[in-house]
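Please read the structure below before turning to the comments.
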Amino acid sequence: MTLWEMFTAAVLGIVEGLTEYAPVSSTGHMIIADDIWLKSGSLMNPEAANSFKVVIQLGSILAVAIVFKDRILHLLGLKKNVTRDQQKGYRLTIAQIAVGLVPAAVLGFLFEDFIDRYLFSVRTVAYGLIAGAVLMLIADWINKRKETIDTVDRITYKQAFCVGLFQCLALWPGFSRSGSTIAGGVIVGLNHRAAADFTFIMAIPIMAGASLLKLVKYWSSLSYDMIPFFLVGFICAFVVALLVVKFFLRLINRIKLVPFAIYRVILGIILIMLVR
């Protein structure tokens, strides 16, 4: 592996780790970092390049699974109650997570080919960034005017399903899965931290499943000499995502979504200018 290849793998892994769980759209940032700047597709065939993006996403998924390991073990019945609300009888269940996953899973299955073929343009992603920013600003405005649930253990099935409906917006590239679901959670009555917790926990099965399916699809395009390149990207994505998720969860109730919305609008405008 050349120095440039190592640099490319590291940068793309860092970008993935920074943006996968922050509500800023990892797709938009990967377009800037890869399609416009580094062009990893020139280092390998398109299928292998897609496989690399799946692998670094798996690094991010592993990071969030580690952050929520106690919660996951509790969901699986392998750990006793770990929070005060759980001791009072409130608890997030696998069924609630499933309810939240169904809408986007169904729409994604039905329209995957259409989305891949027609919606993955720079301009479409830019508009998604701006539209997602508007939703986030609306969520923060609503949050100031209503009481909210301060823990994910108190989420209802209705709220879980509504968050799942908002997640469908993330099928629009650039909208951001975490942006749409955190904003949706806030709109239906969760505080920012509870909405983020539900978003990240819900992300683990849906992202892991989608990533593994894509990896199987592109498996034949891989070769052993790509392993160092993939490993560098995976490690960078994992380490950075681990830090970002912990930092984000500590701050989100304080900073809300406005700073991310402003950043998204600026990035969307930059992307529109780049393709004019």
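Every residue number used here counts from 1 along the chain in the order it is shown.
From the backbone N, Cα and C atoms, a Cβ is placed for every residue, glycine too.
Residues 9, 12-13, 16-17, 20-21, 30, 40-41, 197, 200-201, 203-204, 207-208, 211, 214-215, 218-219, 221-223, 226, 229-230, 233-239, 241-242, 245-246, 249 of the same chain, all 6+ positions outside the transmembrane segment (48-68), place their C-beta atoms under 8 angstroms from a C-beta of that stretch. Residues or ranges marked as transmembrane segment in Swiss-Prot: 48-68 (among others).
Sequence-remote contacts of a segment are chain residues at least 6 beyond its ends whose Cβ falls under 8 Å from one of its Cβ atoms, and for the transmembrane segment (92-112) they are 71, 75-76, 152-153, 155, 157, 160-161, 163-165, 167-168, 170-171, 198, 201-202, 205-206, 210. Annotation source Swiss-Prot lists transmembrane segment at 92-112 (among others), citing sequence analysis.
As annotated by Swiss-Prot, transmembrane segment applies to 119-139 (among others).
If you look up Swiss-Prot, you'll see 155-175 (among others) marked as transmembrane segment, on the strength of sequence analysis.
The transmembrane segment annotation in Swiss-Prot covers 196-216 (among others).
Here the transmembrane segment (229-249) has Cβ contacts under 8 Å with residues 1, 5-6, 8-10, 12-14, 16-18, 20-22, 43-44, 51-52, 55-60, 62-64, 66-67, 193, 196-197, 200 of the same chain, all six or more residues outside its ends. The feature transmembrane segment is assigned by Swiss-Prot to 229-249 (among others).
According to Swiss-Prot, the feature transmembrane segment maps to 255-275 (among others).
Residues 25, 27-28, 92, 95-97, 99-104, 107-108, 111, 115, 119-120, 124-129, 131-132, 135, 149, 181, 183-185, 187-190, 194-195, 198-199, 202, 268 of the same chain lie 6 or more positions beyond the ends of the transmembrane segment (155-175) yet place their CB under 8 Å from a CB of it.
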